[in-house]
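Taken verbatim from Swiss-Prot:
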BINDING   Cys231, His282, His410  Zn(2+) binding site
REGION    139-433  region 'Catalytic'
Amino acid sequence: MESYKPVWLKGAVILAINLIDKGYKPVAVGLGERDFYIDVKSDTSITLDEVKKAINENVLANVPIENNQIVYKGNKVSIIEDKVSISTNLNPKYFEILNISTHHPNPNEQYVRIRGVAFETEEQLKDYLTWLEKAEETDHRLIGEKLDLFSFHEEAGSGLVLFHPKGQTIRNELIAFMREINDSMGYQEVYTSHVFKTDIWKISGHYTLYRDKLIVFNMEGDEYGVKPMNCPAHILIYKSKPRTYRDLPIRFSEFGHVYRWEKKGELYGLLRVRGFVQDDGHIFLREDQLREEIKMLISKTVEVWHKFGFKDDDIKPYLSTRPDESIGSDELWEKATNALISALQESGLKFGIKEKEGAFYGPKIDFEIRDSLGRWWQLSTIQVDFNLPERFKLEYIDKDGIKKRPVMVHRAIYGSIDRFVAILLEHFKGKLPTWLSSVQVRVLPITDEVNEYAEKVLNDMRKRRIRAEIDYAGETLSKRIKNAYDQGVPYILIVGKKEASEGTVTVRARGNIEVRNVKFEKFLELLITEIAQRDVEQTTVKALK
C-alpha cells in the first residue's frame, strides 16, 4: 500500500481543487490504509455522479500548497498527512470513488467523506480494484466480528478496541510465544504505569517532537501524560540503582500499553488505533557489546517470522536514517548508523535504505513482512540510541572505576500486538494455525445417545489444556460441520455409536480432509505435539492420513 500513497494523495488534492471549482467546500484531505479521503462541508448535498463529474475537470499544473494546506480561490483545505509529500512528478488520471458517507469529527460537526483511489494508468487501477475485491473478503474487521474476537464502540471512543474472550486468547498466545523468545535472549520482564508526569517526556524529547499524539491532562497542579512509549519508564528502572560494566547488557521487556492520539480519519480497525500493546524491549549495554546484540536481535526476529510461515523472500529489512527533526550530535548518529550497518552486513541479509525515516533519537532497522495478498507490512524495529542515555544521564562504572554512558537499544518484534492480530487474520483469511486458534477442536456427537462419550472426549482434551468445545445435535451434522469451518476451527471430531464403542473419532480438518477410525489417544498425542511446536500447518492430520 505504501507505494501507492503518494499518487493517492496527489489525486485527493486534484479532486479537492476540482470540487472547489464546482462550488463545494472541501475542508481536509488525507490517506487511509487503502485509499484517500476528502471531507466536504455538508451544508450542500453531494452525489456520486457529481463527484465523478468533478474528476474530469481540468487540473491546475501547480497545486497551491502553503503550510500543509491547499490554498485556492479563498478556500483553505488541510492536508492531514505528515509522512507522504505531494509530488509534482505524479499525474493521476484514473480515479475510482469507493464510498461516500457522513463523517462526524465531533458531535457539533458533520462532513461528507469521499473515499477513493487514483492512478496514473488504467491498468494500475484495474489491478488495484481486483486486489481490493480479494482484500475485502479477508478484511480483519469482518473476520473479527464473524469470529467474535473484538469490537469497537463509539460510546467507548474511536480507535479504542475491546477484545472479547476469543480475541484475548489469540493475544495471550502471541504474548506467551514472545515471552519464550525474550527468555531465550535473557530479558527481564517489567511492568510500568500507563500515566506519568510530563517531566519525563520533556527530558526524552517526546513532549516537543511527539506533542500532537500525546494525551495530556492536569491534576492537583501537575501535568500528566498517558504514555505513548515505554522507554522513559524503562530508563527510570535502569537508574534505580548503580550499575557496573559486569551488569551489562541489561535487557528489559514489557507488554506495555501505549496510547497515541491518531487523527480520526486515520483510524482503521486494529491496523490504526489509539490504544494498543507493544512487545517492547530495551537493552542497556556497552559500545563494545552493540554489534553482537544487534546481530542476535536480527537473528531472533527472522526466527519469529519463520515460525509464522513467512519465507526469506517475505522478509525485507530496511535501514532508516536520521530524520530532519532529531536530537543528538552528528558523531553519535554516525556511530549508531554504522553499528546497524555492520550488524546487517554480518547477518548476510540484503537490506534497503529509507532516508530520513529513523526515530528522532536514533537510526533504526525496520522489518517489512509480505502477507498472502502480496502486501508489505512494517512490523519489527531495532533502534540504536546514544541520545536518551545522554539526556537522562545514565551511567555505569567501567572496569577502571570510571563512570560511562551506556548505549540503549529499543526493539519490538511484533510491534503492536493488536495490529499484528489484524495482519494475521487477513494473512490466514481467518484460518489461524491451531496453536493460535481460539477454539482448536470442536466435538460433534451425531446423536444424543453418544453425548456421554463426546463429553469424555471433550474433558480429556480440556485436561490437556486444549481449547475444545462441543456442539450438540440440535442441527444437522452437515450444518454443524459448516459452522465449525466458517468459524475457523482447525479440527472437528465426529463421534457416533461406532466411535463410542471403539474409543475412536472421525477427524475432519481444513481442506475438507477426513480420516476415519482414529484412536482418540493417538489424535490427542499428535495434536498436543502440533500445538507445542507451534506448527503453521496441520501436522496432526498429515500424520494420520
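Here the Cβ of each residue, glycine as well, is placed from N, Cα and C on the backbone.
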Any further residue of that chain within 8 Å (Cβ to the Cβ centroid of Cys231, His282, His410) of the recorded Zn(2+) site: Met229, Asn230, His234, Ile235, Asp280, Gly281, Gln383, Asp385, Leu388, Met408, Val409, Arg411
For Cys231 (Zn(2+) binding site), the three-state class that DSSP assigns: helix
Cβ neighbour count within 10 Å of His282 (Zn(2+) binding site): 27
His410 (Zn(2+) binding site), number of other Cβ atoms within 10 Å: 22
Across the region 'Catalytic' (139-433), average pLDDT on the 0 to 100 scale: 93
